[in-house]
Amino acid sequence: MHSYAKLFATSQEPRMSDQNFRSILTGSFSTPCADNPTVAMIEAAYHHAGIDARYINCDVQASNLADAVKGAVAMEWVGFNCSLPHKVAVIEHLDALTDAARIIGAVNCVTIRDGRTIGNNTDGKGFLASLKDVVDPAGKKIFLLGAGGAARAIAVELGLAGAAHITVVNRDAAKAETIAALVRDNTDSETTATPWEGKVQIPVGTDVVINATSVGLGDANALPEIDLSTLKKGQIVADVIPNPPMTRLLREAREKGCTPLDGLGMLVNQGVIGVELWLGKTLDADVMKKTLRDIFGVSGAS
Ligand code: NDP
């Protein structure tokens, strides 16, 4: 019998030796990390599902990243998320990458199996899962605003999912072209880059408009510089901004008869996909979404 069990065992059942005080360990490495609500979202869903797992939000400085990865392996964590500024830097510390992570060139979710670390990217997959609730992107024309890390992951996943055409629009046109070339080289989607000059017009025939810029984060009135009159009824208009979820772009789009899709779904689905990779279990997305809404102080109706 384990020494702790000896110490606490009484004549009554259950004995300590029948119980398990070892939680499954998962978490996140980033810096700064204190404002990242993922821990609350995932632990609420672990609790709801009765899963004895923890998600530990760790502040990891860049100079400590290698040790943090080794530590997670040594402590037999089953996986962890990587957020800014580690999404690219973590790659050199991993044993293998999934195709999507290799193409995107960034990792935000690492699975640990038998001491081996496998890097994945769930940013784009989370978005895609959310989008698929309203439309299958296969064969669709996509207009993507922004060319940062989120846009890159989304563009690659849309390409892999069979989008017919993706237009990437960005102020820094070179970044848009880099993403367009990446998608062209690795998927069958036709992808073009356009510089963002003045009020951008949504081309006729666009099925899905996506704001993957940071415009709207923490500012309910900020609006990406687009010509709102070119939004058409029936289009899907998605925003990656999780807080506030109902951005001005989404409110304007809803007024025009478009279907709005908020960034909470992307965030929640990343959590769902990560835990599926780590534990092989599907968490309750509604519990996660409600937790985030409570944290962000927004009501259930968007
Ligand atoms: P980056 O810093 O990598 O990219 C920011 C992008 O926004 C760039 O393309 C930048 O253009 C563009 N941009 C910024 N300001 C403006 C502006 N005023 N007008 C037009 N374009 C602008 O950030 P990320 O890609 O990592 O993140 C982008 C957003 O996505 C963030 O707000 C983040 O919170 C959100 N996000 C949401 C997730 C979710 O799960 N919901 C997951 C990941 C990110 P330029 O290159 O020309 O500077």
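Each residue, glycine too, has its Cβ placed from N, Cα and C.
The annotation active site, proton acceptor is assigned in TrEMBL to Lys87. Annotation note: Lys87 (active site, proton acceptor) sits in a coil segment as assigned by DSSP. Sequence-distant contacts of Lys87 (active site, proton acceptor), defined by Cβ-Cβ distance under 8 angstroms and a gap of at least six in the same chain, are Ala106, Val107, Asn108, Gly149.
The C-beta environment of Ser83 (shikimate binding site), restricted to residues of the same chain at least 6 apart in sequence and closer than 8 Å, consists of Ser28, Phe29, Ser30, Cys33, Asn36, Asn108. Per TrEMBL, shikimate binding site is recorded for Ser83, Asn108, Asp123, Gln270.
Of all the Cβ atoms in the protein chains shown, 12 others lie within 10 Å of the Cβ of Asp99 (NADP(+) binding site). Feature annotation from TrEMBL assigns NADP(+) binding site to Asp99, Gly146, Ala147, Gly148, Gly149, Ala150, Val240, Gly263.
Mapped onto DSSP helix, strand and coil, the domain 'Shikimate dehydrogenase substrate binding N-terminal' (39-110) counts 35 helix, 15 strand, 22 coil. Residues or ranges marked as domain 'Shikimate dehydrogenase substrate binding N-terminal' by TrEMBL: 39-110.
Marked as domain 'Quinate/shikimate 5-dehydrogenase/glutamyl-tRNA reductase' by TrEMBL: 137-214.
For 263-293, the entry in TrEMBL reads domain 'SDH C-terminal'. Under 8 Å from some Cβ of the domain 'SDH C-terminal' (263-293) lie the Cβ atoms of residues 24, 26, 37-38, 40-42, 44-46, 48-49, 51, 53, 78-79, 81, 108-109, 111, 120, 122-123, 125-127, 129-130, 133, 239-243, 245, 247, 299-300, all in the same chain and six or more residues away from its ends.
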Q.
Cβ atoms within 10 Å, counted per site: which of Ala147, Ala150, Val240 has the most, among these binding-site residues?
A. Val240
Q. Which of the recorded positions Ser83, Lys87, Asp99, Asn108 have a Cβ less than 6 Å from any atom of ligand 1?
A. none
Q. Over the domain 'Quinate/shikimate 5-dehydrogenase/glutamyl-tRNA reductase' (137-214), what is the model's average pLDDT?
A. 97
Q | Asp123 (shikimate binding site) as reference: those binding-site residues from Gly146, Ala147, Gly148, Ala150, Gly263 with C-alpha within 10 Å of it | A | Ala150
